[in-house]
Amino acid sequence: MSSGPMRTPVSQIILSKHDQDAEEEPKKKSREDWRKAKELEEARKAGTAPAAVDEEGRDINPHIPQYISNAPWYYGSAGPTLKHQRPQHEDEQGQLDKRAPKGLNTARIITKFRKGACENCGAVTHKRKDCLERPRKVQAKYAESIVVHDEHLVNEAAVNYDEKRDRWSSYDPANHREIIEEYEKVEEAKRQLKAEKLKNDPDAEISDEEGNEDKYVDEVDMPGTKVDSKQRITVRNLRIREDTAKYLRNLDPNSAYYDPKTRSMRDNPNPAVPEEEAEFAGENFVRFSGDTTAQATAQLFAWEAHGKGVDVHLLAEPTKLELLQKEYEQKKEQFKSSTKTHIVEKYGGEEHLQVPPKSLLLAQTEEYIEYSRSGKVIKGVEKPKARSIYEEDVYINNHTTVWGSFWNAGRWGYKCCKSFIKNSYCVGMQEPEGYSEHHSTSSTAAATTEPAAQSQFKVPEVPPERPTSEVDSASSSEPSSSEEEEVKPEKKKTKKKSKKREKKKKAKEQRKQKGKNKETKDKDKTKEKDIPEELDDRKRAYNSMYDVKAPTEDEIEEWKKKRPRAEDPMLQFM
C-alpha cells in the first residue's frame, strides 16, 4: 500500500457546512480524477514528480504506506501530513526547570480568621486534620487576633507525571551549606577537647591513636553476620572465598542437574567418590528432613486404612486422620505390652527386664585411670583391649607362630618354618621353595626360564596300541569256528557251554577296546591343543600331584600387574 490521495474527513465536512452555501456540496471524484491521482502517485515513486509537502514544508516519502500517511478523521488535518506519527515534545515541557516556591508565604501576614481555614492555626491552605502544628490552647477560630502565614500553593494543573514525583523540586542547594557548617562546628569542638587532653596527659596520644582504628568497628555490621528479615536476601547471596559453587563440583554437562533459580543440586555430582570422602553429596537429604517422614507415614496409614474400608483422606480430613493414627498407635502399643506381660507370666524372667535405661548405663562410672606422659598407667586399672572374635595364639602342627605371620611374593605363611601351606607340619627354620630364586639376579632367572619351560611342557608318551584290524579279524574268525562245530551232532552240549564262554570273552574284549580307543582320542585332543592350556592350573584336579616350581621374575611381575588391588596386604597401611 502506498500513500494515496487525501480524503476530507467527516468532521471537516461537518464544520465547513455552515461556511459553505446550501447549493455547494462535496463532489464525487470521477474516474478521470482517480486515474490522475494514481499517475501522480506513480510519478512521485519513480522520482519524476516532486514529493508531497506537509504543513511544515518537509517532504513526505512517497513509499510510506497509506495506512501510515493518512491521518485519522478525528485529527482534523486539511492536507498531507505526518504530524500524527511524530511525538509532540512541546506539550511535554513542564515546570521542572522552574522553581516553585515552597514553605510559608512570609510576604503576607494574616491577622483574622477566615472562613474555611484551619481551626487550629488559621492557615487557609490546609484543614485541621492536616495541621502539623501542636494543638493550641486557644484555637485560631476562637481567638480575637492571630498572626499566621499561608503556604505557597503549586499549580497542580500544569504539573505532569515527572514533576509530580520530583523530590528535588524547588530545592535550593545553598541550604546544604547549613549542614556543612554544623558538622564543622562539631569537628572543631572535638579538636579542642583533644588538645586539652594532650595538655593534661602527653602520653595519652599513643593510646588514643591506637584506639581510633577500631573505635567504630563494633557498630558496623559485617556481611553475613546481621540477621534481619529485610536483609536475608543479601545475606543469602554471600559466600566465603574458600567455598566452592555446587555447579563447579563436576564440570561434566551430563552430571547432576543444577537449578539456578533455587540454587539447588539434588543429585550427587560425583557418584563415583565414596560418601565418607566426598565434600558435597547433593541436597537430597533436605527432602527427608523436618516433617517429611511424618507426612509420608500419615499418607501410608491413610492408604492402608482406605484399603481396609475406613473412609479417610489425608488432604480432605487431616484432623480425623491424625486422631485415627494416634488411636491406632496406642492400641498397637497396648497389644505389644499385653503380649509381653503374657509371655513373662507364662515363662518367667521378669527380673531380667528390670534394667536401668541405656542412657544411664554408660553415662557415668566410678572407674578412675591416671596415665603418665609416656602412656603408662599410674592409677587405676587399665581397660582391657578389645579382642578378636576368633581364637588367638593357637599353634597347630608343631608351629610356634600363627598362620599369616610370614608374607613373601604375594603369599602368606608361617614365620617359624617359612611354609606357605596352611595345614603343613613344622620342620624348623628353612628357606621356602623358590625363596632364593625370587631374590636372585635377572640374568640367572632368564637363563633358567627356558629349561624350566621345556620341562613343564613335556607331553607324556603314549604306549603303542594294538591295531583295530587284528581285533576285527580275531572277532570274525571266532564265530566262523563256532559255526563249524555246531554241525557235529555229538558235541551239542559242549558247544552250548563253549558258546557262552566265547560270548563273555568277546564282550569283555570289546569293552577293553572301547576304553583304549577313548584314551587315544583324549590324548590326540591334548596334543592338538596349545601346550600352556594343558598346564592350566585352574583345570587340574584338587588332589593331583602337580609339580610346583618357583616362578621366575617375569612371571612374578606379570602376576603383580594382574593382581587386584584388594588383595594387596599393605593396602590397609596406606
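Each Cβ is built from the backbone N, Cα and C atoms, and glycine gets one as well.
Record check of Ser207, Ser440, Ser469, Ser476 in Swiss-Prot: the feature phosphoserine is attached to Ser207. Scan Swiss-Prot for phosphotyrosine across Tyr171, Tyr216, Tyr328 and the hit is Tyr216. Broken down with DSSP, the zinc finger (116-133) shows 3 helix, 0 strand, 15 coil. Each residue in the compositional bias 'Basic residues' (490-509) gets a DSSP state, and the totals come to 20 helix, 0 strand, 0 coil.
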